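Read the structure below first, then the notes.
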Amino acid sequence: MGSTMDPPGGAYLHLGAVTSPVGTARVLQLAFGCTTFSLVAHRGGFGGVQGTFCMAAWGFCFALSVLVVACEFTRLHGCLRLSWGNFTAAFAMLATLLCATAAVIYPLYFTRLECPPEPAGCMARNFRLAASVFAGLLFLAYAAEVALTRARPGQVASYMATVSGLLKIVQAFVACIIFGALVHDSRYGRYMATQWCVAVYSLCFMATVAVVALSVMGHTGGLGCPFDRLVVVYTFLAVLLYLSAAVIWPVFCFDPKYGEPGRPPDCLRGSCPWDSQLVVAIFTYVNLLLYIVDLAYSQRIRFVPTL
């Protein structure tokens, strides 16, 4: 029970939620996020799958950032049935990836130095340039939170704040890119071998999401075996599975016996199966590298499940 000398409301409101370095980063996230999608919605404009993704990413990150700041400021996160430290660390990493992607996609597809034709005109160009700048600042604000909250060597922290935990979010994000390329006419159903690769991507993705969900919900202590040991075993198996996919996928997509070693000249840009197969191959190697790094870090983590 708090002292009677405490100022009214002092036991409930937490000013450090907005004045600490992490709190300042979160306030900047709200400011930059609101500014970015307001500029785009007002005059910058967006369209197609790319523009919709950017607006959805900015809106999602802004909404959850409002929730995080509100819960931290009012201390209501103590009433939630989840591990708050794991939740905020996982969200910050996911928001960093989403905002980084949007900060690349929006200027690439919508921002030009020359003025578009009327009725948009130079005003729309200026709004798009400003939105691109604030999108970059938004990414930096989320990246700053990840850097400030990441567990340092030897520090006891929540699992998602460790390098291994943060890598889980990146692995799941990369897997989503692979799935996007797979459904975009990649012709993965032609061979049992490529179907095996899809099974590898799906199995590892589901296991990674399960690890993140258990950490965020604070249920890692009820698994019947040490969570850190379970993570190491799973990561080792994921390395082996991705290694098999990293060998099989290129062979059955780019070897002359089974596929095309080069891009077919009559393949339309934007709807070419070879392009999708190349994207899958590249990000298969990216995720393989991430799982190898994860395996190296996961053997020496120290974390507290309830943080």
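Quick reminder: no glycine exception, Cβ is built from N, Cα and C everywhere.
Any TrEMBL annotation is an automated prediction that lacks curation.
Keep in mind the model is a prediction, meaning the values are calculated, not measured.
These features come from TrEMBL:
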- 17-154: domain 'MARVEL' (DOMAIN)
- 159-303: domain 'MARVEL' (DOMAIN)
- 55-74: transmembrane segment (TRANSMEM)
- 86-109: transmembrane segment (TRANSMEM)
- 129-148: transmembrane segment (TRANSMEM)
- 160-181: transmembrane segment (TRANSMEM)
- 193-218: transmembrane segment (TRANSMEM)
- 230-252: transmembrane segment (TRANSMEM)
- 278-297: transmembrane segment (TRANSMEM)
- Note on the structure: Long-range Cβ contacts under 8 Å made by the transmembrane segment (160-181), restricted to residues 6 or more beyond its ends, are 85-87, 89-90, 93-94, 97, 146, 149-151, 201, 204-205, 208-209, 211-212, 215-216, 231, 235, 276-277, 279-280, 283-284, 286-287, 290-291, 293-294, 297-298, 301, 303, 307
- Report, as numbers and ranges, every residue of the chain located at least six residues beyond the transmembrane segment (129-148) whose Cβ falls under 8 Å of a Cβ in that stretch; write 'none' if there are none. 21-22, 25-26, 28-29, 32-33, 35-36, 39-40, 44, 54, 58, 61, 89, 92-93, 95-96, 99-100, 102-103, 106-107, 111, 166
- Query: Using DSSP, how many residues in the domain 'MARVEL' (159-303) fall into helix, strand and coil?
  - Reply: 110 helix, 1 strand, 34 coil
- Looking only at residues six or more beyond either end of the transmembrane segment (278-297), which have a C-beta under 8 A from one in the stretch? 162-164, 167-168, 170-171, 174-175, 177-178, 181-182, 186, 188, 197, 201, 204, 232, 235-236, 238-239, 242-243, 245-246, 249-250, 253-254, 263
- Item | Helix, strand and coil residues within the domain 'MARVEL' (17-154) as assigned by DSSP | 114 helix, 0 strand, 24 coil
- Message: Limited to the domain 'MARVEL' (17-154), I'd like the whole-number average of pLDDT.
- Response: 88
